[in-house]
Amino acid sequence: MKTKFIFVTGGVVSSIGKGLASASLGALLEARGLRVSMQKLDPYINVDPGTMSPFQHGEVFVTDDGAETDLDLGHYERYTSARLSKRSNFTTGQVYFSVIEKERRGDYLGGTVQVIPHITDEIKHKILENAKGADVAIVEVGGTVGDIESLPFLEAIRQFKADRGAGNVLYLHVTLVPYIKTAGELKTKPTQHSVKELREIGIQPDILICRCEKDLPHDMKAKIALFCNVEEKGVITSADAEHIYAVPLALHKQGLDDQVVDKLNIWTKAPDLAPWESVVEKLRNPLKGEVHIAIVGKYVNLTESYKSLAEALTHGGIANDCRVYLRYLDSEKLESEGLGGLLDDVDAILVPGGFGERGTEGKIKAIEYARTRKVPFFGICLGMQMAVVEYARNVCGLDNAFSSEFRPDCANPVIHLMEEQKGVERKGGTMRLGAYPCSLSKGTFAHRAYGSLDVSERHRHRYEFNNAFREILVSKGLVISGIYKEGDLVEIVEVADHPWFLGCQFHPEFKSKPLNPHPLFRTFIAAALEHRGKRSQA
């Protein structure tokens, strides 16, 4: 079958939910047996988000092949089986970089390089490359219609209908219908103006997904359809959902996927949504109660920084049929003000990845609490490194143990710069990135969780466990349960005399899905559930 293209745009405001809408549509089309590719186009000039502050951009999602990408790719991977790569996310910076390189090589034969056709052709080329082998390619355009940065991308996708034929391209626009509480009314004018602006560019949307607090009444749908020149059935309500994994079911109920396959002339089987129905049922009515997890981090004022992590913990709850509540604790405050009983009523503690020295001592305090009080603990990336520092200081007696990232002249650098990182000066795209194999030791927490001795996980770091201190740490009871054999790099550490204490250098949250929870999060939440049971009996 010739590949069909669905372009998803957004209007009125940013962060309106284009990523979730795209991912949910991908899930629905896969449930019909179609092969789906997913892609995000970002209009900013950065080459990628790898050097951007989490407070600016939120989480940086890492793919198997080492791309540092937009967090929406995390939604795509969680909702679909699409294998994402460096081609799945590109920016204005990458497009211009590629075009300028071609011009310098003389590829344009002395011609004047312009936005049209050269930039738009490069955008179309990147879209087509990622779509190879797919029945349907879903392409989300970042930003908001009306942004000057988005214009070349919108022009490129406008040209697709002429290039590929009307029956092979569909435009889906996600827009806002705000509820004005003082007036007690939903307002359609922002949507009308957003679509008007899109049509002025030359794109007529086929389907509108209207984000709103409550369902749109029939007369309002009819009004939007009339003013925006779409069929009334093409006006889809996306009211605020109790759980984000209920969104595919809500969109299916309104016939979104039926309309898409009809407009694109695709014959498919009826969708099998039983797995999604099971997930939503477990989220709404968990049989085994609840657990409370403390996330001790640096970026807690913007929880989007930990998007995949929060979702992976939810997946662990789905696997254990329990509800997961997250308590975000600022590690800087713990550092300056102490724990103050903040961890006394939690069922498990997690210290996530991060960069910079600020808040590290607060994380170490939380880790010591978890280790000594036998509270289930999970350390990821920097969290694993700080667990090693805590163990070195408080169990091995290495008083000045720390990471050379923060104190280059510390006496006991139990965490140090990786050998291949020495001499690296450029910041962008130079970390240890992407999937690497990890060999596990029999009988460990990790081995029991995975049920295998060989696994592959995704990384994003420059610093590692210092093997010069391996002997003393192991002699005092630290378990090295996972290594990267090729470089003899320590990937997983555990504390044996503990219900569940594990730190990993990689980011397992990037591979967790609601339909297939990651084994480490599954067993971590199981340990939290068990700990809660013991606390309630005490």
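Cβ atoms are placed via backbone N, Cα and C, with glycine included.
Here's what Swiss-Prot has on this protein:
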REGION    1-266  region 'Amidoligase domain'
BINDING   Ser14, Lys187, Thr188, Lys189, Pro190, Thr191, Gln192, Lys223  UTP binding site
BINDING   Ser14, Asp147, Ile148, Glu149, Lys187, Thr188, Lys189, Pro190, Thr191, Gln192, Lys223  CTP binding site
BINDING   Ser15, Ile16, Gly17, Lys18, Gly19, Leu20, Asp72  ATP binding site
BINDING   Asp72, Glu140  Mg(2+) binding site
DOMAIN    292-534  domain 'Glutamine amidotransferase type-1'
BINDING   Gly354, Leu382, Gly383, Met384, Gln385, Glu405, Arg462  L-glutamine binding site
ACT_SITE  Cys381  active site, nucleophile
ACT_SITE  His507  active site
ACT_SITE  Glu509  active site
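Cα spacing between Lys189 (UTP binding site) and Ile16 (ATP binding site): 16 Å, rounded to the nearest whole number. In this structure, the CA atom of Gly19 (ATP binding site) is 7 Å away from the CA atom of Glu140 (Mg(2+) binding site). Secondary structure at Glu140 (Mg(2+) binding site), as computed by DSSP, is strand. Model confidence over the region 'Amidoligase domain' (1-266) stands at 93, taken as the mean pLDDT rounded to a whole number. In sequence order, Ile492, Val493, Gly503, Cys504, Gln505 make up the list of same-chain residues 6 or more apart from Met384 (L-glutamine binding site) whose Cβ falls under 8 Å from its Cβ. In sequence order, Val8, Thr9, Gly10, Asp72, Glu140, Val141, Gly142, Val174 are the residues of the chain that are 6 or more apart from Lys18 (ATP binding site) and have a CB within less than 8 Å of its CB. If you compare Cα positions, Gln385 (L-glutamine binding site) sits closest to Leu20 out of the binding-site residues Leu20, Ile148, Lys187, Thr191. Taking the centre of the Cβ atoms of Gly354, Leu382, Gly383, Met384, Gln385, Glu405, Arg462 as the L-glutamine site, the nearby residues of that chain (Cβ within 8 Å, site residues left out) are Gly353, Phe355, Cys381, Met386, Ser403, Ile415, His461, Tyr463. Here His507 (active site) is positioned 10 angstrom away from Leu382 (L-glutamine binding site), judged by their C-alpha atoms.
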